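**Student:** Marked as ATP binding site by Swiss-Prot on the basis of sequence analysis: 11, 12, 13, 14, 15, 16, 17, 18.
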């Protein structure tokens, strides 16, 4: 069986990507199932036992910026080795709620960690590995903030300012501009039904 594909969902907190992730994966599984392929749904930080432990630390404990980035990439290496690469090798497709673009956007754009440091970690952990497709849920920070305020207690990142998320969004859009062959941008300021119509277009193009 041919190697599987790796799809990532990205966007600032409150963009709505997690809301649509399972719906997208269910539709994708309907298409792939007859060929004997499966859709593996995962997330970052997380995806493995170690990754989920790191997630609790990263989302809830203050720490040095470089420590934060190193922990992100440590969890990513484990995620690649134990979940993503084995699934792709057996022909399954993997859909992840966040991947390396999030680290460039949050730790780089949002927190100001120099890009060259993140690029060095990316090369070490991933080599040349990149997602086949990244779906970027784009929304103005003010709309995302209102959505975040309507749900559960926020974690460390969700509690950041609109200015932080404006920088994070700008970095996401910069990365999308640099890799247009990989990114599809979804206008997630739209109602849920309209966002799903956009995602149907993404599915149709796969």
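These residue numbers are counts, starting from 1, taken along the chain as shown.
Cβ coordinates are placed from backbone N, Cα and C, and glycine is handled just like the others.
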**Student:** Within 10 Å of the Cβ of residue 15 (ATP binding site), how many other Cβ atoms can be counted across all chains shown?
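**Tutor:** Residue 15 (ATP binding site) is surrounded by 28 other Cβ atoms within 10 Å.
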**Student:** Within 8 Å of the centroid of the Cβ atoms of 11, 12, 13, 14, 15, 16, 17, 18, which other residues of that chain place their own Cβ, given that this set defines the recorded ATP site?
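**Tutor:** Neighbours found: 137, 139, 144, 147, 188.
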**Student:** Just going by other Cβ atoms within 10 Å, which of the binding-site residues 14, 16 has the emptiest spot?
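**Tutor:** Sparsest of the binding-site residues 14, 16 by Cβ contacts within 10 Å: 16.
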